[in-house]
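Asker: Here you go, one structure.
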Amino acid sequence: MNAPTSVTVRVPAKVNLRLAVGPVRGDGYHGLVNVFHAVSLYDEVTVSPRSDLAPGQAVLSVDGERPDHVARVPLDDSNLAARAAALLARHVPHATGVHIHVHKAIPVAGGMAGGSADAAAALVACDALWEGDTPRERLLELAAELGSDVAFPLIGCTAVGTGRGEQLSPLPVQGTFHWVFALVDGGLSTTKVFAEYDRLRPDAPEPTLDDALVAALAAGDARRLGAALTNDLQPAALALRPELGDLLEAGRAAGALGALVSGSGPTCAFLAESADHARELAAALRASGTCADTVTAHGPVPGATVV
Ligand code: ATP
């Protein structure tokens, strides 16, 4: 069979249903218990071979519906998708140079792990392009080398991450949950949010999983899930961006079953009762003037998939 001329992988964004942050560990990372939930908001990463580049070397292009977000994606070696291609190239025999095109729908620097999703997609796409047949377990290890949030978009659905967040165990979920994500202008640096967290919580306890959250997911109970959503980084994100408090309040006032800052923010996530309720909630949030835009999505959805 001939090698493919290009491979496109679709990869979902995530929302953290629980983000419990412990004290800083000896290696400088925070211990985390992180419940990841993949939602139907996708980036598409397309890779094609470039014979004029060294194996694993990449040139990038990015497009998408939100020019302000597209403009914030780096086009150099710091792009996580380029780093993923370079890493995988060291582990498969027939790597080439690549053009990586990212079609961006996941908000940039929004706490929805868009960069990590692109890295996961690039691993899967390059492995298919180079016919690496890398075992899934190995891809998960390489993903964890690239960053704490890169392994999850490979598996998608709903999973609890421990350690730095990269040791994943799938969680059983019944049914589908409906979400509204409220986008606000500007990003929030994950590093700065963690630094603020350390300042606010110098005595953070060891992070734990919450039985009520696990039970709500297994039962497909949106009301109980809404009540169980928590994010330890939220006070730090609100300290850096106080206006997010008004956004969360606007969502609660409009009937959201749960409202929280997504990951390190500033995107905020709102749980709805149904797809129709999500559309109503989104309209109410836009009308409140507390966000720049909204997107609706459902979860859980599968991880990075060749299309
Ligand atoms: P997380 O939730 O994992 O902290 P995030 O969703 O807040 O991440 P990203 O969209 O992943 O943030 O972007 C964080 C920064 O990473 C951006 O400001 C950008 O400079 C850089 N970056 C590197 N590669 C990418 C990529 N492929 N897409 C978007 N940003 C990228």
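The backbone N, Cα and C atoms fix where each Cβ goes, glycine too.
Sequence annotations record features per position, and here TrEMBL assigns active site to K14, D149. Marked as ATP binding site by TrEMBL: P107, V108, A109, G110, G111, M112, A113, G114, G115, S116, A117. Here TrEMBL flags 79-152 as domain 'GHMP kinase N-terminal'. Annotation source TrEMBL lists domain 'GHMP kinase C-terminal' at 214-289.
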Asker: Can you name every residue in this chain, apart from P107, V108, A109, G110, G111, M112, A113, G114, G115, S116, A117, with its Cβ inside 8 Å of the center of the Cβ atoms of the recorded ATP site?
Answerer: A13, I106, G263
Asker: Which site among A109, A113, A117 has the most other CB atoms no more than 10 Å from its CB, taking these as binding-site residues?
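Answerer: Comparing the binding-site residues A109, A113, A117, the most crowded Cβ belongs to A117.
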Asker: Around K14 (active site), which of the listed binding-site residues (P107, A109, G111, G115, A117) come within 10 Å, judging by Cα atoms?
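Answerer: Passing the 10 Å Cα cut: G111, A117.
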Asker: Is any of K14, A109, G111, G115, A117, D149 (recorded positions) within Cβ reach of ligand 1, i.e. under 6 A, and which?
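Answerer: Correct list: A109, G111, G115, D149.
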Asker: Find the average pLDDT over the domain 'GHMP kinase C-terminal' (214-289) in the predicted model and report it.
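Answerer: The average pLDDT of the model in the domain 'GHMP kinase C-terminal' (214-289) works out to 97.
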Asker: Out of P107, A109, G115, give those binding-site residues positioned within 10 angstroms of D149 (active site), comparing C-alpha atoms, in sequence order.
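Answerer: Final answer, ordered: G115.
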Asker: Residue counts in helix (H, G, I), strand (E, B) and coil for the domain 'GHMP kinase C-terminal' (214-289), per DSSP?
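Answerer: Taking the domain 'GHMP kinase C-terminal' (214-289) as a whole: 45 helix, 11 strand, 20 coil.
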Asker: Using a Cβ-Cβ cut-off under 8 angstroms and a sequence gap of six or more, which residues of the chain neighbour P107 (ATP binding site)?
Answerer: A13, R66, H69, G114, F181, L183, T267
Asker: Return the residues near G111 (ATP binding site) by Cβ distance under 8 Å, restricted to its own chain and a separation of at least 6 in sequence.
Answerer: N16, L188, T190, A237, V261, S262, G263, S264, G265, P266, T267
Asker: Looking at Cβ-Cβ distances, which residues of the chain lie under 8 angstroms from G115 (ATP binding site) while being 6 or more apart from it?
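Answerer: The list for G115 (ATP binding site) reads V73, N79, L80, A81, V108, G147, given in order along the sequence.
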